[in-house]
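Take a look at the structure set out below.
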Amino acid sequence: MKKITIDDLNLKGKRVLVRVDFNVPIENGKVADDTRIRESLPTIRKIIESGGKAILISHLGRPKGFDEKYSLKPIAEHLSKLLGISVKFTPDCIGEEVRKMVSELKEGEVLLLENVRFHPEEEKNDENFAKELASIADVYINDAFGSAHRAHASTEGVARFVKETAIGYLMKKEIEYLSKALTNPEKPYVAILGGAKVSDKIQVIKNLMDKVDAFLIGGGMANTFLKAKGYEVGKSLVENDKIELAKEILSEAEKRNIKFILPVDCVIASEFSNNANFEITSVDKVKPDWMILDIGPKTIETFKDVLKDAKTVVWNGPMGVFEFDNFAKGTFEIAKVLAEITSKGAVTIVGGGDSASAISKAGLSDKVSHVSTGGGASLEFLEGKELPGISAIKDK
Ligand code: AMP
């Protein structure tokens, strides 16, 4: 069903409550990475230009009750600079003071509410709390893709009590790109999966099984598949309780004639540290006391070969422990290939979380088609699940 977007509503003079995802790193009282804030600017600007009154709501971190450390105040200051106007800030997200500040808000002004997670009712999706949030809004817009997989009061409950609801531009962009990975993707279609665990990616593999032409498997999760194939993986990260499942996935892929490509070589290390001794070896020669921390050069070449003709690519999870420079090569090389094929017309979609930080560390975020702002949310989207924050937006 086509979603109502911010463009479908008349915002003039209206109190527009926008759920944004301002869950950004704060260091020494300053915003350390403002990607998510910048991504929300088109929606905020649209409200300002349309003569609406923007009321922004977000969570930050996982506070237990009021905690200065998780205040959104530094974000209000940062946002003021980005927008070039003074963003007002409330000491709470509900209550008398908030209602007063909302009633004084003029057309084109922006108000940021304090961290919604200071109230435990938020995560409980408490109905009265959601109604309280709804009471300060004529229109509710959800633009927080990164929180769309959570049915919380500010992402789901509130939408039930506001007459007009819509998705914002960031949410629209995320849905459009991630949908391309699920509906009619141009072929060849390749999924690159990595990261720590197979268990986190099982549903994605199952959901993409009848869609992709090839899976490229790297990162810690590849170890469980290698062990399932009978290789010795030494002290590598392995999920022993998922070996049977890994075998089932391998045979399912074979039955369906889908390429399920595992590493043929790897970088092994004497310990889990950037200063560890390391060697390149084929996967059948991993030393019993060592661990696999990255894919090897032959694997990179094999992956590149599959990727060079791909027309659609989704990537979720790094190929190795990219946080350590000595084991980042596999991840960065994959990032480079994605940038290359994007310039030749392929649609390349990078799931949020660690893959997003990896591509940003490689300096290539703007060279791929789309980097999702949601880690968990993009994973659940690719699993084929309905995200509560998106389903809550309905034509009423
Ligand atoms: P995920 O959140 O599941 O995408 O996992 C990301 C994490 O997986 C990163 O912090 C990586 O350091 C880690 N990772 C990737 N490859 C390996 C590996 N071979 N061994 C241990 N951890 C890994």
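Glycine residues also receive a Cβ, built from the backbone N, Cα and C atoms like all the rest.
From a predicted model like this one, the values you see are computed outputs, not experimental measurements.
Listed features, source TrEMBL:
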BINDING   D21, F22, N23, R36, H59, L60, G61, R62, R117, R150  substrate binding site
BINDING   R36, R117, R150  (2R)-3-phosphoglycerate binding site
BINDING   K201, E323, G352, G353, D354, S355  ATP binding site
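Neighbour counts were taken at the CB atom with a 10 A radius for the binding-site residues R36, H59, R117, R150; the maximum falls on H59. Of the listed binding-site residues G61, G352, G353, the Cβ environment within 10 Å is emptiest of other Cβ atoms at G61.
Summarising the environment of D21 (substrate binding site), the number of other Cβ atoms within 10 Å of its Cβ, over all protein chains shown, is 26.
A count of other CB atoms within 10 A of each Cβ picks out D354 as the most crowded of the binding-site residues E323, D354. Cα to Cα, D21 (substrate binding site) and R36 ((2R)-3-phosphoglycerate binding site) are separated by 7 Å. Taking Cα separation as the measure, R117 (substrate binding site) is nearest to R150 of the binding-site residues R150, K201, E323, G352, D354.
For ligand 1, the neighbouring binding-site residues among G61, R150, K201, D354 are D354, by Cβ distance under 6 Å.
Comparing C-alpha positions, N23 (substrate binding site) sits nearest to G352 among the binding-site residues K201, G352, S355. On the backbone, the CA of G61 (substrate binding site) and the CA of R36 ((2R)-3-phosphoglycerate binding site) stand 14 Å apart. When the alpha carbons of H59 (substrate binding site) and R150 ((2R)-3-phosphoglycerate binding site) are compared, the span between them is 12 angstrom.
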